[in-house]
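Report on the structure given below.
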Amino acid sequence: MLRQGRGLSDLRPITMTRHFIKHPEGAVLVEFGDTRVICTASVEESVPPFLRGKGTGWVTAEYSMLPRATHTRSSREAAKGKQSGRTLEIQRLIGRSLRAVTDMTKLGERTIYLDCDVIQADGGTRTASITGAYVALVDAVSALLVQGKITGNPLKEAVAAVSVGIVDGQAVLDLDYQEDSSAEVDMNFVMTSSGRFVEVQGTAEAEPFTLEQMDAMRSLAMTGINQLFTYQQEALAR
């Protein structure tokens, strides 16, 4: 199996460029190999109706792809008048993942919107979105602290995500599109920096997988996510 010079346990080249857009409180271009996602964090001084008057905040996410982010053009979902099931699933996953590491009571009655827009897709767009959105969220929270709008940091720890799978009978880390398309098993792991799991998604595309294979994929995912935490920290230190 060819991985463009990568070992089975290697991430693709990872880049996180902060302040990629000037207007949002947080804006990051995250690159997992040829997958590129712009993640922005925008603060609004309001909360959803179910939280009004409760003194607590909210973190939510939206996800989309440019029409030609993939090999062939896809119509904009706005033109179709509805979001696809895949889009809804991914943006809910992003929102859940970031809420898992946020203390909403420290946000006050405000919402942070995480917008993840895929400008080029080559596998792992949801995992790249979660990983980049965390960095954007840190910048947005930092802006609130500097402005004196909040007095304590609501972020409890970091969160990141990576894909793993079984390709040609072998456990591999951080699948690109070609690998994902031929994978016998495809899994996504979302974890916090304390080593806890936020979400595990796994599907056998062909033969069912064994407990041993799942353990091998989990081990790879944990190794990869720990590396992603380092990339996040390095980006935030620049």
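A Cβ is built for glycine as well, from the same backbone N, Cα and C atoms used for every other residue.
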Per Swiss-Prot, G124, T125, R126 bind phosphate; matching candidate in R76, R86, R99: R86
Intrachain C-beta neighbours of G124 (phosphate binding site), sequence separation six or more, cut-off 8 angstroms: F32, T35, V162, S163, D174, L175, D176, D180
Among R86, R126, which are binding-site residues, the residue with the most C-beta atoms within 10 angstroms of its C-beta: R126
Sequence-distant neighbours of T125 (phosphate binding site) in its chain (C-beta under 8 A, six or more apart): T35, V37, M65, I90, V118
T125 (phosphate binding site) - helix vs strand vs coil (DSSP): helix
